[in-house]
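A.B. asks: Before I ask anything, here is the structure I am working with.
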């Protein structure tokens, strides 16, 4: 209606309400064409397949509730009224998913059905109601930060989490989570599960143009993955955090097209006055239930957040609490790089493809790395143990950041590398645990579950996942010709204690090693085709007097002598690799 007040988007007035120009729209069309060319959008057939999978999940959820009710000897009337509803959140809920995206799924149950029931009955119920030939993964992870079942059905990956509402005796298909009173009695784990759905719903209501938001979010997520700055578990913004950041730019430019939002995103993020928080709405406090919420005025942990991005649903929380000094420094560099490229794209000097060039974490950024090897002797143990180590790697990097290590930055890589090995004796297993790839095999070479080893029990398949931390030294130490002492013994010791003292750790089947390697020792599988890998620098031979030989500890406690490395890690407790790289 003419004269009606305009809606205020976000916590401030917009920076610009200008509509897109013809040049903006042309650039936007080019961006969308590029995203489609890179298979960033799901196909109509893929969308239909996902809908059918979710329909099956809903069917399984209702049958699962009935089975639990009967097992608890509830009346048949109560059993039939339990219901149960499937919610989605994450990229699928936000409409910014592609052919390889998983579906984050919440199974919401009434008060009679508990988390233990979910882990006990869900796998068998799903198997009975689905086609077993189309179920390719079912991994139960009850000890995760958010307890989860990971599945893959008909080519669709699902991360299934669970919550039970203590105030509800029945959950119908039309049940909604917009009334906070239904959350009464939830514990912190269940609140995190439910809030994923609620945040996604509020986020979509917080942006002026949902289509523009989705195009911009697709772009930023693709960029973040290509540049190696994605994933809360490794100290970077996760999916919801990137979505909130994009939504805030949409609020500041409410009529802009996707390409303009992307351009403004990088420019504003590089100039943002952190730790000033990014928020889509004013703080709602603890709401009617007086729940804990992000409040730096009264919480020292909230004050310590370096790059706070606050979720919109009450209770509002920081979605970037894992960002560290090192990962933030990398993101600031990436924002600046992207902003410069976008400016050149606008003027015609560069193309969209330049923005998405793969990161240089392994090819250029670092001379020194820590390789964290998680090793298991069985596949079932490895599925769980690799996740445990993955959740702790950023804490090792944080310990290096905050300790007196003489290291400027310890930057985690945003993924792990799964490898498989066939070992003929314990000595070969010991080598694999230190990162040796001599016995590596392809995944399709792993014997079937029913394959029998020889009479003496060998050979054995060993499963490893390796995570990498890139190290950057202060400039003055880079010029010191290797004389600086780098002591990371305390953070390494703390990290190993965190892993080895975990209740699920089994010393008979699991092991973790932290190994220092140089850039030219990196294995081939961390590089993509066409990348130039670092090579060992050629130096003049030094006089014999300078060729001091030092001893390095091996995994078995013995020592071997080798020519003094240029950069010595004093008293680190590390297994220092001195051998040549393996293919």
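Just so you know, glycine gets a Cβ as well, placed from its N, Cα and C.
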A.B. asks: For the feature transmembrane segment as recorded in TrEMBL, pick the matching range from 171-189, 190-208, 228-246.
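C.D. replies: Going through 171-189, 190-208, 228-246 one by one, TrEMBL gives transmembrane segment for 228-246.
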A.B. asks: Between 89, 230, which of the binding-site residues has the fewest other CB atoms within 10 angstroms in the structure shown?
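C.D. replies: Lowest Cβ count within 10 Å among the binding-site residues (89, 230) is 230.
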A.B. asks: If I take the alpha carbons of residue 91 (ATP binding site) and residue 104 (Mg(2+) 2 binding site), what is the distance between them in whole Å?
C.D. replies: 8
A.B. asks: Find the longest CA to CA distance in the recorded ATP-binding set 89, 90, 91, 102, 103, 104, 159, 221, 230; express it in Å as a whole number.
C.D. replies: 19
A.B. asks: How many Å lie between the Cα of residue 104 (Mg(2+) 2 binding site) and the Cα of residue 89 (ATP binding site)?
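C.D. replies: Their Cα atoms are separated by 5 Å.
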A.B. asks: Calculate the distance in Å between the alpha carbons (Cα) of residue 102 (Mg(2+) 2 binding site) and residue 230 (ATP binding site), and round it to a whole number.
C.D. replies: 15
A.B. asks: Report the DSSP secondary-structure composition of the domain 'Poly(A) polymerase central' (212-357) as helix, strand and coil residue counts.
C.D. replies: 80 helix, 4 strand, 62 coil
A.B. asks: Which of 104, 159 (the binding-site residues) has the most other Cβ atoms within 10 Å?
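C.D. replies: Counting Cβ neighbours within 10 Å, the top one is 104.
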